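> Got a structure here, written out as structure tokens. Questions coming.
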């Protein structure tokens, strides 16, 4: 039976981020003019998201999850995992990739900062997890659990949904260039987040995946500001 309570709760938590993202998206046009009324943009984004939320709600009772609660089982675990994920990314990005990226490094920092931390917390962290983990990963779990063992099904679903998540980020990151080094960073960085969030969704609930994603951006942001100012002062 379709759980309307879960559907309404998950769509509702995405509304603040969707409104903020839609306003920013509607203001960023080459002509400087709005392409569509802001209300229409917001409604279209919510309708698009609702498809994935509904998909997850329809399948959640048909797939095996380790989480005792479909929302979240352990806030502490999700927070610590999110902090660890962000620190791992910071080390990979600022220690290893920064010297290799050259001028693309500043472009990446500038592009990421232009999105805004509020938008990344309320939109990227919430909406992306509802689409890629709650919707797409649930679909993959449902499709593979009937003919694969649970462990193989889970990891295939986590990896494939993370690949789709990663591919979705290539277009936005292309503003920084098209080098192999840049593409490898986009791949490694997004696969890291995707796999960890996928594991948390399966093991700890959808809000755990969202919290991990939020912690990722919150821990990264001060470093981003510091290095961005350093590049601007050169």
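Using the three backbone atoms N, Cα and C, a Cβ is placed for every residue, glycine included.
Unlike curated records, TrEMBL annotations are generated automatically.
Not my notes, these are from TrEMBL:
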DOMAIN    117-218  domain 'CAAX prenyl protease 2/Lysostaphin resistance protein A-like'
TRANSMEM  6-26  transmembrane segment
TRANSMEM  38-60  transmembrane segment
TRANSMEM  72-96  transmembrane segment
TRANSMEM  117-140  transmembrane segment
TRANSMEM  152-170  transmembrane segment
TRANSMEM  182-202  transmembrane segment
TRANSMEM  208-228  transmembrane segment
> Averaged across the domain 'CAAX prenyl protease 2/Lysostaphin resistance protein A-like' (117-218), what pLDDT does the model get? Just tell me the whole number, please.
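Within the domain 'CAAX prenyl protease 2/Lysostaphin resistance protein A-like' (117-218), the model's average pLDDT equals 94.
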> Below 8 Å between Cβ atoms, which of the listed ranges 38-60, 72-96, 117-140, 182-202, 208-228 makes the most pairs with the transmembrane segment (6-26)?
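That would be 38-60.
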> Might you confirm whether the transmembrane segment (38-60) is in contact with the transmembrane segment (182-202), defined here as three or more C-beta pairs under 8 A between residues 6 or more apart in sequence?
no
> For the domain 'CAAX prenyl protease 2/Lysostaphin resistance protein A-like' (117-218), what does DSSP give as the number of helix, strand and coil residues?
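Once the DSSP states are binned, the domain 'CAAX prenyl protease 2/Lysostaphin resistance protein A-like' (117-218) shows 93 helix, 0 strand, 9 coil.
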> So which residues does the transmembrane segment (72-96) touch in its own chain, when a touch means Cβ under 8 Å and the partner is 6 or more beyond its ends?
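Contacts of the transmembrane segment (72-96) (Cβ under 8 Å, skipping residues fewer than 6 from its ends): 185, 188-189, 192-193, 196, 200, 203-209, 211-220, 223, 227.
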> Same chain, outside the transmembrane segment (117-140) by at least 6, Cβ under 8 Å from its Cβ: which residues?
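For the transmembrane segment (117-140), the nonlocal Cβ contacts are 10, 13-14, 16-18, 20-21, 24, 49, 51-53, 55-56, 59-60, 63, 156-158, 160-162, 164-165, 168, 194, 197-198, 201-202, 206, 209-210, 213-214, 216-218, 221.
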